[in-house]
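The structure appears below as structure tokens.
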């Protein structure tokens with residue numbers, strides 16, 4: 001029967017009538033098996049014997065690497081609500097494998113960009129922590145002209161005294177920077 005379905009003379013209707021229902025059922029059985037493995041891997045029993053991580057990794061590899069290579073997209077969470085209960089049903093689709101490969105590349109590129117941005121932000125935060133709080137406002141001569149003994153501005157650039165509310169905000173910024181700087185010094189000290 002398989003030869004008859006895949007032969008060049010087989011028409012489109014024969015494939016849809018006979019092959020697709022079988023393929024669809026098989027795909028849903030595979031998706032159901034994967035979902036069962038995931039549920040088991042997240043259960044307390046699996047966590048107690050520490051097999052949850054390898055099982056979840058294998059399930060994710062199956063979804064993210066193996067199926068897309070064959071043009072099959074499996075999405076984990078398509079929620080169906082039935083009154084008071086909700087059931088998570090996997091969604092399956094037949095898609096061109098090259099499209100799935102392109103999506104995977106795009107996703108990897110976006111993750112790399114996000115990682116680079118996080119690293120850049122962490123570096124900027126670390127560099128900001130290196131500045132002593134007493135120097136934080138002194139470099140802002142375009143905004144402030146006079147400072148107290150701690151380095152907190154007392155007068156704006158035009159020579160006018162800073163308002164109490166503005167002084168309160170500046171004090172908060174100073175305190176935050178002081179904590180960052182203390183943490184930086186403690187970290188630096190522990191590195192030696």
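Using the three backbone atoms N, Cα and C, a Cβ is placed for every residue, glycine included.
Taking DSSP states H, G and I as helix and E and B as strand, the region 'Disordered' (118-140) has 15 helix, 0 strand, 8 coil. Annotation source TrEMBL lists region 'Disordered' at 118-140 (among others).
Listed as Cβ neighbours of the region 'Disordered' (148-167) (distance under 8 Å, sequence separation of 6 or more from its ends, same chain) are residues 133-138, 140-142, 174. According to TrEMBL, the feature region 'Disordered' maps to 148-167 (among others).
Marked as compositional bias 'Basic and acidic residues' by TrEMBL: 148-163.
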- [ ] Determine how many residues of the compositional bias 'Basic and acidic residues' (148-163) DSSP places in helix, in strand and in coil.
- [x] 0 helix, 5 strand, 11 coil
